[in-house]
Amino acid sequence: MSKATDVMTPDDAAHGHDEHHDHHIPKGITRWLFTTNHKDIGTLYLWFAFIMFLVGGAMAMVIRAELFQPGLQIVDPNFFNQMTTVHGLIMVFGAVMPAFTGLANWLVPMMIGAPDMALPRMNNWSFWILPFAFLILLSSLFVEGGGPAFGWTFYAPLSTTYSGDSTALFVFSVHIMGISSIMGAINVIVTIFNMRAPGMTWMKMPLFVWTWLITAFLLIAVMPVLAGAVTMVLTDKFFGTSFFDAAGGGDPVMFQHIFWFFGHPEVYIMILPAFGIISHIVPTFARKRLFGYASMVYATASIALLSFIVWAHHMFTTGMPLFAEMFFMFATMLISVPTGVKVFNWVATMWRGSLSFEVPMLFAIAFIVLFTIGGLSGLMLAITPVDFQYHDTYFVVAHFHYVLVTGAIFSIMAAVYYWLPKWTGKMFDVTLAKWHFWCSLISVNLLFFPMHFVGLAGMPRRIPDYSLQFADFNQWISIGGFAFGLSQFIFLALLIKACKKEGEPVSDQVWEGAEGLEWEIPSPAPYHTFETPPVVK
Amino acid sequence: MQQEYEKYYVPAQSPWPIVGAVALFLIAVGAGNFVIESTQGEEGYGGIVLTVGIITLLVMLFGWFKNQIDESMSGLYSDQLGRSYRQGMSWFIFSEVMFFAAFFGALFYARFISVPWLGGASNNAMTNEVLWPAFEAMWPLVTTPGGTTTQQMSAAGLPTINTIILLISSVTLHFAHVGLEQNKRKQLTTMLGATILLGVIFLFLQVEEYIHAYQELGLMLDSGIYGNTFFMLTGFHGMHVTLGTIILVVLFLRVIKGHFTPDNHFAFQAGSWYWHFVDVVWVMLFLFVYVL
């Protein structure tokens with residue numbers, strides 16, 4: 001948590017000045033199309049992410065409906081493959097990443113005392129690329145021959161020799177998503193470097209800002225590599241190159257190296273901001289300062305650096321020299337050290353705190369427990385010899401859904417519940433929120449926990465049919481999946497009510513025990529904040 | 001220190017970003033369909049959509065930059081904003097470095113791992129024996145395992161001349177920058193003009209080299225991994241030189257209109273950084289694609 005508690009706000013900045021500006025909030029559709037306001041853009045990102053979450057979720061429902069029983073009954077296998085592929089792409093690039101970018105937009109300027117993001121027009125551009133990118137991706141499902149059906153990892157030769165024409169649309173849609181992410185990341189990184197209020201030194205920065213700074217660095221470093229990978233897929237498929245074809249001197253395994261050089265930092269892009277969020281929420285509701293602030297910063301940086309030298313643990317079974325397998329196994333295990341530091345610090349922050357269990361805290365605690373389960377199954381997968389058994393089974397699916405759904409997505413929900421009253425000025429519907437939490441918590445575990453068992457027993461992932469002995473577990477998994485999907489409509493109802501500004505007004509601090517610049521400004525946060533920077537002591 | 005923070009210019013609403021988003025949408029849809037249509041020999045509108053997208057993007061860039069230049073000339077920009085622009089540009093160039101890194105990575109992987117392994121190196125004797133018994137590993141890979149043959153592009157001749165041209169262009173651009181900072185406008189215009197000329201000559205010679213490769217050497221984009229990496233690396237570099245040259249031409253026109261002062265010339269600095277970056281990429285290319 002930020003140590004920036006004593007804030008001197010210049011007289012003209014926070015109150016009178018801002019209210020004056022509130023009379024000039026643009027109206028109508030052009031407010032959203034032309035906006036340069038970080039709060040508007042944050043709202044756009046968050047709503048876009050939520051809609052994509054529902055769209056990607058609907059695809060998961062198709063998958064679970066097909067897998068409810070063994071045998072092929074609802075969709076044909078090619079369509080099933082398109083569903084697994086586009087579900088993954090949408091959830092990664094359309095839901096989790098834009099949600100975090102939306103949170104960064106809303107929060108980073110308020111947390112560091114900046115008037116806006118450093119490059120507000122480019123900010124708008126980064127957002128508005130995304131709906132178009134996903135329009136292309138989704139419309140490619142209707143192209144003759146079907147949409148992308150090669151898994152979100154688009155391994156060659158599935159994406160080259162054996163893919164349909166729509167691959168070209170997939171490639172260019174990923175290109176413009178990448179442009180959006182890179183511009184968004186540049187904006188965040190420059191904002192943090194250049195826009196901090198006087199006195200907001202590096203080691204006073206709130207952890208959400210720290211984690212996003214490091215995330216932005218990872219994004220700028222690896223999104224261009226993804227662009228390179230899709231470009232090579234495009235030329236291999238359409239222009240006769242053989243990057244991933246042994247007949248021309250290339251190698252399909254090279255695709256996996258390039259992809260996972262992007263892909264592994266990418267998974268930390270989807271979890272580091274979550275670490276930041278949890279590091280804000282836990283201290284607030286434990287009413288204690290975060291345990292080990294500095295170690296949190298160093299742990300985040302170590303995780304980010306290590307993420308560049310562990311990529312091949314996704315490829316233990318695809319052919320590497322023994323030395324490389326050993327190297328990537330040990331490097332991967334090293335990551336559990338800084339991650340363990342974080343989990344330890346959160347638990348130590350709660351230790352002997354005056355805990356209370358408001359909705360954000362419920363999600364945060366669920367995050368800590370369930371993310372740790374995902375982390376531990378990751379550790380199992382990191383062990384090369386046992387990965388030979390786990391590889392490409394439902395155990396892997398269980399692992400990354402624990403870290404991405406109960407990890408990244410739970411943290412996003414925790415963040416929305418935590419900061420929503422600051423954004424709207426009203427307390428959300430707590431009853432609905434608790435229903436949302438408990439329904440999600442129970443159903444998500446019913447959904448993902450049995451996947452460990454069927455995975456260990458050898459059920460392969462990405463296959464629309466399975467052997468009879470997996471039938472019982474799969475029915476439970478599907479029921480959990482439908483319940484988790486339905487639970488999100490509670491969240492939707494709550495968000496609609498919140499956007500209509502229903503509910504009790506909240507104080508500026510909102511939560512007893514909340515600390516940081518964003519809690520010093522009025523609730524709801526004025527349209528423009530910190531036009532003159534505060535002085536942080 | 002504190003005064004610097006007092007006026008950070010936050011622009012009002014702008015229509016240009018959404019125009020840019022539509023432009024990228026048209027470019028992506030157009031390019032996707034164009035690729036499908038041109039390789040499958042189908043009729044379609046991909047090329048037209050792509051062209052409209054590119055034109056829209058150019059209009060957007062013109063309008064957006066015009067706004068920014070007007071704002072800058074009317075003194076709205078603080079030093080802090082200048083730092084935002086400079087840092088933004090630096091990170092953009094870093095992202096470009098990583099893009100080229102992906103292709104250099106492919107080059108090194110092919111050269112040091114996949115080609116030797118196909119030839120039976122390490123513990124892959126059976127790969128060679130069973131799959132490609134006639135194949136011998138070599139670099140440049142002028143005979144692929146599948147049997148495609150080609151010839152090596154020599155580093156002597158055009159590539160060396162081009163290297164010298166680009167290195168000189170970096171020096172001339174540096175002197176143009178010095179001229180700007182010391183307010184020697186004549187030095188600025190001549191040196192900037194010379195840089196543009198060198199860039200154009202480079203591109204011209206690059207086209208000559210491609211013609212030589214295709215017509216005389218039989219070295220093509222689809223000639224196996226050597227041709228793949230050769231044309232993808234030099235091709236993307238050539239696209240960057242083209243973009244860099246266009247940037248320099250715009251800067252030249254602005255210089256003639258009397259823009260830029262010794263203290264305030266972010267656009268010039270950004271264009272110059274970009275050009276130097278493109279030069280450094282070429283030096284790496286020359287070393288790893290041609291010489292070594």
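Glycine too: its Cβ is placed from the backbone N, Cα and C atoms.
All TrEMBL annotations are machine predictions without curation.
When averaged over the domain 'Heme-copper oxidase subunit III family profile' (B:4-292), pLDDT in the model lands at 94. Under the heading domain 'Heme-copper oxidase subunit III family profile', TrEMBL lists B:4-292.
Residues annotated as transmembrane segment in TrEMBL: B:16-36 (among others). Only residues 6 or more beyond the boundaries of the transmembrane segment (B:16-36), in the same chain, are considered here, and those with a CB under 8 A from a CB of the stretch are 42, 44-54, 56-57, 59-61, 63-64, 67.
Distant neighbours of the transmembrane segment (B:48-67): 11, 14-17, 19-20, 22-31, 33-34; these residues of the same chain sit at least 6 beyond its ends, with a Cβ under 8 Å from one of its Cβ atoms. Positions annotated as transmembrane segment by TrEMBL: B:48-67 (among others).
The transmembrane segment annotation in TrEMBL covers B:88-110 (among others).
The transmembrane segment feature in TrEMBL is assigned to B:156-176 (among others).
The transmembrane segment annotation in TrEMBL covers B:188-205 (among others). Under 8 Å from some Cβ of the transmembrane segment (B:188-205) lie the Cβ atoms of residues 158, 161-162, 165-166, 168-169, 172-173, 175-176, 179-180, 238, 241-242, 244-245, 248-249, 251-252, 255-256, 275, all in the same chain and six or more residues away from its ends.
Residues annotated as transmembrane segment in TrEMBL: B:225-253 (among others). Long-range contacts of the transmembrane segment (B:225-253) within the same chain, counting only residues at least 6 positions beyond its ends with a Cβ under 8 Å from a Cβ of the stretch, are 96, 99-100, 103-104, 106-107, 110, 114-115, 139-142, 144, 150, 152-153, 166, 173, 189, 192-193, 195-196, 199-200, 202-203, 206, 210, 213, 219, 267-268, 271, 274-275, 278, 281-282, 285, 289.
Per TrEMBL, the feature transmembrane segment maps to B:273-291 (among others).
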